[in-house]
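Record features (TrEMBL):
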type	residues	note
DOMAIN	1-111	domain 'PX'
DOMAIN	134-428	domain 'Protein kinase'
COMPBIAS	424-433	compositional bias 'Basic residues'
REGION	424-469	region 'Disordered'
COMPBIAS	442-453	compositional bias 'Basic residues'
């Protein structure tokens, strides 16, 4: 038996792909598009088995061998399957997985991206044969169009490095020449809080970056107590040993991350991709990963949230908003269940809650984010001293700096246009929902009855006025304008 699943693309649903939006299955007031997917129950069962790696108890309706063709049972099962899909698409990580995207939108997700990546990497290795692939790192990240490989330099065989390959994204606004120039600058960055890049290059449609592999993993790996090489669904969907950090670690890591964000902003270099999986932790030092992402036009991990709030419309405000999520995760060991957040569990310090409220509260999301400099001046971070003797270095030529500025403005403008469309659609949907509500229908009926009574009263007044005006006038029934008609029935 095949089942119809209503699907729609919602602003609140994670749209985490690089080029094509995920068709999300949800009946919500923010829907922009909708279509129908036809799937057999066995297809749902296969998807569910594939998602068991997440450790989440998914609400798939149970199998039924006898009576599974009854009309009432089919209708009830269809409701259950719709609820199942809604649950998946509302889950930030599940909805971003390749398994779910292929299930919902086979046409747009039919390509084998691992094979494509291997072809591109092989072409690169032919031009630079000193590199060798050790193993692919399957499903290590959430982007479908991004693949990771553990590699080594034949001249330094004991040192493991990670190669990432990714398609260019929809926010790529640099020219090919400027993009290549910017990528070549990445290995020259000297900053203790940025993960060093060994090599970076681009082609017409993709990019390749090599950096040192960290066995200790990312900040999220540290919080969830998991191994870096495991698939991200297994690591992060339902971790068994989550633990928030101690106050001193929160202050130290937070200060380090704010300092490196300020460093990049001061250089005019866009980031916009801060989250706990993009921060390495080595010897109590945080190091940012994927500083190239905005150059390549890739969407932010938190974009589906950011598009809801029109005051978060610059790269700095995006970084600050993402820092709020990161601070929450460092404090409580898990991401917030929903945003905005107005109520917080007990924290190691009231100053943490103050910073979180300034970023994640309803008021903050409506009125705007603080700046990175303002966060550095808060009591939580202002007296946190960092000891670093390394000289900071990142020289960007003036011409490229102008190109980066223009690309940043284009990226922000595209975000603002998307926010405007979503805002207008939400207003329209709310109006339609209100217009169709039972309360509004009752109100309109009452108004209609009042108008009807008022109209009847006014008509009576008009007739009365005409009668009074005509009562003093003598009418001649012999006038040519009148005819006498004999009626055989008595007049009532």
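Including glycine, each Cβ sits where the backbone N, Cα and C put it.
Caution: TrEMBL annotation is automatic and unverified by curators.
Counting residues per DSSP class in helix, strand and coil order gives 10 helix, 0 strand, 0 coil for the compositional bias 'Basic residues' (424-433). When DSSP labels each residue, the compositional bias 'Basic residues' (442-453) comes out as 12 helix, 0 strand, 0 coil, counted as helix, strand and coil in that order. Summed and averaged per residue, pLDDT over the domain 'Protein kinase' (134-428) gives 93.
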